[in-house]
Amino acid sequence: MAIERTFSILKPDATARNLTGAINAVIEEAGLRIVAQRRIRMSEAQAKTFYEVHAERPFYGELVSFMTSGPVVVQVLEGENAVAKYREVMGATNPAQAAEGTIRKKFALSVGENSVHGSDSAENAKVEIAQFFDEKDIVG
């Protein structure tokens, strides 16, 4: 199995409830290492660029507003099959459908306020990581 990296965001609904430590514990218990982490306030420009793939979707404006409404924690996670592993650990987008023990089942408030983002592919992880971190910021 290949060691790879994925990108994670702890969203404003999670940071507002001081869940960074609790979510990090779930991530680490799953065997993923947090090799870079930064708490930031995402600008509107950053959010629009990051979620550009959703620009034509009806929820785009609301998503950008939500992601800029408070601090977020951006992270690089590393481990065997990190992208798939983290998606499993996050759980379904809708917390009502998420498996027991997943981040979204434990912490998400709703489909929109679902506490975390994770890359959907290794290729997208590289692009997303590069938007927030230089290679020198990632320490494994």
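The backbone N, Cα and C atoms fix where each Cβ goes, and this holds for glycine too.
Residues annotated as ATP binding site in Swiss-Prot: K11, F59, R87, T93, R104, N114. If you take the C-beta of R87 (ATP binding site) and look for same-chain residues 6 or more apart in sequence within under 8 angstroms, you find G118, D120.
The annotation active site, pros-phosphohistidine intermediate is assigned in Swiss-Prot to H117. Neighbours of H117 (active site, pros-phosphohistidine intermediate), defined as other CB atoms within 10 A of its CB across all chains, total 20.
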Between H117 (active site, pros-phosphohistidine intermediate) and K11 (ATP binding site), what C-alpha distance do you get in Å? 7
Going by DSSP, is K11 (ATP binding site) sitting in a helix, a strand, or coil? coil
For the ATP binding residues given in the record (K11, F59, R87, T93, R104, N114), what is the largest pairwise C-alpha separation in angstrom? 22
